[in-house]
Amino acid sequence: MTTDDPPASPDKATLRKAALARRDGLAVEARAAASRRIAEIVLDLPEIANAAVVSAYWPIRSEVDLRPLIAALRARGQAVALPQVTPDGLVFRLAAEGDALAAGGFGLSEPGPDARIVDPRALLVPLAAFDRRGHRIGYGKGYYDRALARLDAAERALAIGIGFCAQETPRVPDGPHDRPLDGIVTEAGLIHPTGD
């Protein structure tokens, strides 16, 4: 390497680890307040308000807690789907209020096997890290990338990343299989991706 060479960019695993450490370092009260603010912002998005079915997620570890948002979506008559990990990838199953959730892969709480599978057109996507171009780092298995590719084959689905400001990183390495998000919501507001 010469002195004119640009510094090597951190790989996804390094960025994921750092962003998750920052997220884990947020005080429980701060995460709860930020989660409530994120829910308010998401509920005001016209694209979400107009969606018949919204895919959300049940939080694990220190993720943004979408449970109050899920309740609010249901209260205004919208159906909510939750992801389920299968051997073939993610599927999205309807989860009505009061439905029992089962322990699934990776610590997820998932609808039961009898819940109807749907193809949501609006998805709230968890993430480990993100950048302002709309690229995200997930948990490293590519489930959402493959699910979005499948859903986009019919018509582009709306994918909104959900995370805390602390999870932002200057640049996420991206490849041809990485589908940029259509927006990212943090406690500071909606980020409109800048593209490359």
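Note that Cβ sites are derived from N, Cα and C of the backbone, with glycine treated the same way.
DSSP assigns THR14 (ATP binding site) to a helix. The ATP binding site annotation in TrEMBL covers LYS12, ALA13, THR14, LEU15, ARG16, ARG136, ILE137, GLY138, TYR139, GLY140, LYS141, GLY142, TYR143, TYR144.
The substrate binding site annotation in TrEMBL covers GLU63. Residues near GLU63 (substrate binding site) in space but far in sequence (CB under 8 A, at least 6 apart, same chain), listed by position: ARG23, TYR57, PRO126, ILE162.
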Legend entry - Where the record names LYS12, ALA13, THR14, LEU15, ARG16, ARG136, ILE137, GLY138, TYR139, GLY140, LYS141, GLY142, TYR143, TYR144 as binding ATP, the maximum Cα to Cα distance in Å: 20
Inset, instruction - Would you mind listing, in sequence order, the residues at least six apart from ARG16 (ATP binding site) in the same chain with a Cβ closer than 8 Å to its Cβ? - result: ALA128, ALA129, ILE137, TYR139, GLY140
Inset, instruction - Specify the count of other C-beta atoms within 10 Å of the C-beta of THR14 (ATP binding site). - result: 11
Inset, instruction - Please report the DSSP secondary structure of GLU63 (substrate binding site), reduced to three states. - result: coil
Inset, instruction - Using Cβ-Cβ distances, find the residues under 8 Å from LYS141 (ATP binding site) that belong to the same chain and are at least 6 apart in sequence, listing them in sequence order. - result: PHE106
